[in-house]
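Trainee: According to Swiss-Prot, the feature domain 'Helicase ATP-binding' maps to 47-215. Under the heading ATP binding site, Swiss-Prot lists 60, 61, 62, 63, 64, 65, 66, 67, citing sequence analysis as support. What Swiss-Prot lists as motif 'DEAH box' is 159-162. For 236-385, the entry in Swiss-Prot reads domain 'Helicase C-terminal'. Per Swiss-Prot, Zn(2+) binding site is recorded for 393, 410, 413, 416. Per Swiss-Prot, domain 'HRDC' is recorded for 544-624.
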C-alpha cells in the first residue's frame with residue numbers, strides 16, 4: 001500500500017519526499033501510482049497551487065481528471081487528507097479505485113456497522129491512512145473533530161462543491177456548515193471541486209467556504225467526445241426502443257421524471273430483449289444496491305432511473321445517456337449527460353422533447369409559493385427550454401450558458417450534423433391557427449390535429465366539428481408533420497399551451513394575428529420525421545486505430561478478473577486503457593507500464609494475464625491461425 005514513499009515507474013526505486021521538490025513528487029505519483037504519462041490540461045496548475053499551500057476552486061468537466069487534482073497532492077503531503085463527498089456510493093467507488101492503485105484510503109459514513117467504523121478509526125489512529133472520505137453532515141460533528149484531533153490533517157478537498165449554493169442545481173443545506181472548516185484547519189489548504197457551476201454558483205462557493213485568496217481554475221466545459229442530440233417525440237417509446245437496440249449491448253442510462261414511467265420503460269426494454277433494470281427511490285435499499293452493482297459490473301446493460309441514479313457511480317464506459325423527459329436545468333442536464341464517455345471514448349447524449357414537457361414543469365413550478373428560490377428555478381427552467389428549442393449548435397448553447405464563448409460549431413450535435421431545412425410555413429401556420437380558433441381554443445394538440453386531418457371519431461361528431469370549414473384542411477400531411485408545426489409555433493410564441501390539471505389546451509397569442517392575416521412571412525423548419533425510425537448518425541469523433549478482436553478478448557478477460565475479485569470491471573482497467581493495449585500490444589513490463597492507466601500496483605496485480613493474451617494474439621497473427629480460446 002502507498003504510504004510516504006512510492007516507486008519510480010522506470011526503475012521502481014524508492015523516492016523520498018523530503019529529498020525532491022513536491023512538484024517533481026507529483027509527477028512521480030502520476031507516473032508510478034496512477035500510470036499516466038502526462039498531466040491533463042489544468043491538472044498541473046491546480047496541483048502546483050495546492051502544493052504551495054493555496055486554497056483553490058476547481059471547475060473541471062466530468063471525465064477530465066478532477067479527482068487526481070486532490071488525490072495527487074494527498075499523496076505528496078505528509079499526514080491525512082479529508083475528502084468531503086455527499087454520496088455514500090461515490091465514496092466507496094473512489095476508495096475501491098484508490099485501493100486498486102495501492103493507496104491507503106477509507107471512508108466513514110452511516111452505511112457502516114459499528115465494527116467497520118471502529119476499524120477505520122483504528123487506521124486513523126495508527127497513521128496509515130492517506131485519504132479519508134466523509135459526508136458533509138459527519139465532518140462538522142463534535143465526535144468527528146474529537147477523533148480527527150489526533151491526526152495531522154494536511155489537506156481538505158470538498159467534492160460536488162456546487163451543493164453549497166442555493167443558486168446551484170443540487171443545493172444541500174448540510175454543505176452550508178462547511179464554512180467552518182477553514183477555522184478548524186487553518187494551516188491546511190482547502191480545495192473545492194465541481195463540474196457544474198455558473199458564475200453565480202462560483203461566487204457562492206467562494207463566499208460560503210471562506211477560501212483565502214484562492215487559486216481559481218475554470219476549465220473548459222466542453223466534452224468533445226459526447227454528441228448531443230435532440231429527438232422530437234412522435235412515438236417516444238418506439239423511438240427509444242429503436243435507439244437502445246441500435247446501441248448493440250453498450251452501457252447506458254435513461255432518465256425519466258417519474259417512478260411509474262421508469263418501471264414501464266424498463267419493462268418495455270426487457271420485452272425487446274434488452275438487459276434493463278429500474279432504479280428509483282421507491283425500491284428497497286438492497287434492490288437499489290443490487291441494480292447499481294450489476295450495472296457497474298456490466299451484468300446489466302441499461303438502467304432506467306429517476307435523477308437519483310448515477311451521481312455515485314464512476315463507471316467509465318457508459319456509452320449513452322438518454323433524457324426521456326426534460327431536466328429542470330442545464331446544470332442537471334450537463335451533469336447527467338456527463339456520466340457518459342468518462343473514458344474519453346465516443347458517447348451519446350440524447351434528449352427526447354416536446355413543448356408540453358416544458359409547460360408541465362413550468363406549471364408545477366408556479367404552484368410553489370413565491371420565493372427567491374422559485375425565481376432561480378424559473379430562470380434555470382427557462383434556460384433548458386431555450387436549449388431544447390435552439391436551432392443553433394447545441395454545444396455552443398451549453399458552453400455559452402457556463403460563460404465559455406466559442407464561435408465555431410462543434411460538428412458533433414444533431415444541429416451541426418443535420419441542419420434544419422427551412423420552408424415557407426405561412427400556409428401551414430394559418431391552417432393550424434384557424435383550426436385552434438374555430439374549435440374555441442378549448443382542445444389539445446391531438447384533437448386539433450384530428451380536426452385538421454379530417455379524422456372521424458365520436459368526440460369530433462359530438463362537438464359537430466366535422467361541419468367546420470377547417471375540418472380536413474390538413475389531410476394531405478401526416479400527424480407527425482402537424483405535431484412539428486404546432487411545436488414550432490409554440491416555440492415562436494404564436495401559440496401557447498394552457499394547463500388545467502392534466503389537460504393542456506392550445507390557445508392563440510396576440511402574436512398570431514399578423515400571421516392569420518398574412519401580414520408577415522414565416523419560415524419553419526422541415527419536420528424531422530426521420531427521427532422516428534433512424535438510429536442516431538455515426539460518430540465523427542476521432543477514434544484511435546486498434547485491433548478490435550484483441551480488444552474484445554481483453555474485455556472478456558477483464559470481466560473474468562473483475563468477477564473473481566468482486567470489483568467493477570473498470571477498476572481493473574478502463575476501456576481507454578484496454579484500447580491502448582489493443583493498439584500498442586505491450587508484451588514486456590516496460591511496454592505495459594507505458595500504457596496510460598497502468599501503474600505499479602495495477603501492473604503487479606492485474607497485468608500478467610493481459611500480456612499473455614496479447615502474446616497469444618500476436619503469435620496467432622504471425623501464424624495465420626484462428627485465435628486461441630481464453631480458457632486455453
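Placed from the backbone N, Cα and C atoms, the Cβ positions cover glycine too.
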Trainee: Using the Cβ centroid of 60, 61, 62, 63, 64, 65, 66, 67 as the reference point for the ATP site, which residues of the same chain not in that list have Cβ within 8 Å?
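Mentor: What remains near the Cβ centre is 195, 219.
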Trainee: What are the non-local neighbours of residue 61 (ATP binding site), defined as same-chain residues 6+ apart in sequence with CB under 8 A from its CB?
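Mentor: Result: 195, 219, 220, 221, 222, 223, 338.
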Trainee: Between residue 64 (ATP binding site) and residue 410 (Zn(2+) binding site), how many Å separate their Cα atoms?
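Mentor: Between the alpha carbons of residue 64 (ATP binding site) and residue 410 (Zn(2+) binding site) there are 19 Å.
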Trainee: Measure from the Cα of residue 60 (ATP binding site) to the Cα of every one of the binding-site residues 393, 410, 416, then give the nearest.
Mentor: 410
Trainee: Give me the CA-CA distance between residue 66 (ATP binding site) and residue 393 (Zn(2+) binding site), in Å, as a whole number.
Mentor: 27
Trainee: Taking the Cβ of residue 416 (Zn(2+) binding site) as reference, which residues of that chain separated by at least 6 in sequence fall under 8 Å from it?
Mentor: 393, 409, 410
Trainee: Measure the Cβ-based neighbour count of residue 393 (Zn(2+) binding site), defined as the other Cβ atoms within 10 Å of its Cβ.
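Mentor: Total other Cβ atoms inside 10 Å, all chains included: 23.
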Trainee: Expressed to the nearest Å, what is the distance separating residue 65 (ATP binding site) and residue 413 (Zn(2+) binding site) at their Cα atoms?
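Mentor: Given the Cα positions, residue 65 (ATP binding site) is 24 Å from residue 413 (Zn(2+) binding site).
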Trainee: Looking only at Cβ atoms, how many others are within 10 Å of the one on residue 62 (ATP binding site)?
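Mentor: For residue 62 (ATP binding site), the 10 Å Cβ neighbour count is 22.
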